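Engineer: Per TrEMBL, transmembrane segment is recorded for A:15-41, A:53-72, A:78-98, A:137-162, A:182-203. The annotation domain 'ABC transmembrane type-1' is assigned in TrEMBL to A:15-200.
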C-alpha cells in the first residue's frame, strides 16, 4: 500500500489528464449537442437531415474505434493530430451525438404555448429560440447532461490504449511496478469516483441556478433536511 | 377529402369596407411620443376616465375582412368559406359551441395556424398573401413579420415566459422586436402595470402571481407591443371564479379607453354583452347569426342561437 500511495505524483498526473480530457471533450460535446440539437428541432427538413446524419453516425460507433480512426487511420491520408486532440475529438463527437438528442428532445418538450406566445410577440425565429425556448429547454437538459458528462469521464479510459497516461494507465503502471494489484486498482476506483462526484456537484449547482431562473423553489430554498424528509413542497414544483 | 368548390385565387381585390376606413379621426390624444415632460404616469392631462390610459394604443386601427376563408385540420373542415368584416375600431365578440371555429379565427389572425384557402385582410393589406409583380402569392416570413406588428393576442393560459420576471416579460418584445430603447420600454412597462393594477409586482416572478394577476400581466404584455388589433382568446376561462370579474373589468376599461379593433372569444355572455358592439354566433365554421348584443342575447332569430344561449346560461 505504501508503494502505491507513495507514487502520488503519478496518480495526480493521471487524474489531471483524465480531468483535462473530460473538460475539453465535454466542451466540444456541448457545442456539438447545441448546434446539432437545434438543427434537429428546425422547421427545414434538410437541416433536420444534418442532425440525423451526425447523430446516427457518431452515436452508432464505438468511441474506441473512432479514436483508432483519428489516431491511426487519418495520419495515413495526411491528417496528423496530436494524441490528445484525437482523443478529445473522438470523445466529444461521440458524446455530442447523445447530447444532440437530449437538446432536440428538450426543445420539443417546451410547451407549445410558449412558442405561440413568442409568435404573438412577433419574435424572429432566432429570438424565439434564444430568448424563450432554449432557456426553458436548458432546465430539462441538465439532468441528462449530468449523466453524459460522467459517461464521458469514464469513457476517457480508452485513451490508455493509444499511449496517453491517464488515470487508468497510471494505475496499470503503478500496479506493474509495485505488484500491489488490489491497492493500485482500488485507488483508481476511488479517484474516478471522486471526479464523478465533483462533476455531479457542478451539475446540481447548475440545476439549482436554472430552477431559480424559472421561478421554481421560490421564495425559499428547501433545505437538505426537508428534501430528505420528503416534506411537502420539497423538490420540484410548478 | 371534403368536397371543396372554392377557387383560391378568385377574390376581388377591392377592399372597400376594410381599407377605406383606416382613418377614423385623429382626434384622441396622439400617442406617447408627444408629451415633453413625461413623468411616470402619475399625471394625466385630460381624459378624466382612466389613470394610465396614455399607455394604451391610440391611432388608426385597421379593419379586418375574411373572404371565403377555409381552414381544415386533416379531413375536418373547421371554417367553410367564411366571410365577415370587422370595422376599424369595432369590438366584436365571437360566440358559439366549442369546435365551431371561433378560436381558429383568432389563431389565423395571429398566424398560429396557416390559411388553407381564401383571403384575410388587415386594413388594406392581405395577411397571408403578398404582392409580387402584380400577382398575389403566399406570404413569406418577412411579410408575416410585418403584418404581425399590428396584432396582439391574449391567451387562455396566459403563456407568460417563466424564464423572465414580470418586467422582462413586458420589455423583451418592445426592446428586441420594436427596437424601443431599454429606458423607454421600462417606463412603458411601468405605466402598463399601473394600468392593470400590478405596479408592485414589477420584479415578481410569474410563478409568484395568482392566475388573475398573471392574466393581467399577459394583457399588459400584449399592449406593450402597441398592437392595433387585439385578440382575446377565452381569457377568463382558466381563472378561478372570483378572479374573473377583475380581469373583465380591466378589459372593459381598456376597450373603452383605446381605439383598438377587438376580437373576443368568450363563454361569458354577460361580458360579451358588455364589451362588444356586435356579436357573431358561430356554428360549424359558419356564422349563424349576427347583430348587436341586445338583439342576439335579447331576441335571437335563429333556433340554434337560442339553443346555444339556453345551454350556456343554464350551466
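If you go along the chain as it appears here, the first residue is 1 and each next one adds 1.
Heads up, the Cβ atoms here are built off N, Cα and C, so glycines get one too.
Just so you know, TrEMBL annotations are computer predictions that nobody has curated.
Note that the coordinates shown come from a computational prediction; the quantities given were computed from them, not determined experimentally.
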Engineer: Could you pull out which residues elsewhere in the chain have a CB under 8 Å from any CB of the transmembrane segment (A:182-203), counting only those six or more residues past its ends?
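Structural biologist: That would be 1, 3-5, 11, 15, 18-19, 22, 142-143, 145-146, 149-150, 153-154, 167-168, 170-172, 174-175.
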Engineer: Please identify the stretch among A:15-41, A:53-72, A:137-162 with the greatest number of Cβ pairs below 8 Å relative to the transmembrane segment (A:78-98).
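Structural biologist: Most contacts with the transmembrane segment (A:78-98): A:15-41.
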Engineer: Hey, which bits of the same chain come close to the transmembrane segment (A:137-162), Cβ under 8 Å, at least six residues off its ends?
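Structural biologist: Counting only partners 6 or more residues beyond its ends, the transmembrane segment (A:137-162) has Cβ contacts under 8 Å with 17-18, 21-22, 25-26, 29-30, 63-64, 67-68, 71, 83, 86-87, 90-91, 94-95, 98-99, 102-103, 105-107, 109-110, 168-169, 172, 192, 195-196, 199-200, 203-204, 206-207, 210-211, 213-214.
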Engineer: By Cβ distance under 8 Å, which residues at least 6 away from the ends of the transmembrane segment (A:53-72) in the same chain are close to it?
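Structural biologist: Answer is 32, 36, 40, 81, 83, 86-87, 89-91, 93-94, 96-98, 100-101, 155, 158-159, 161-162.
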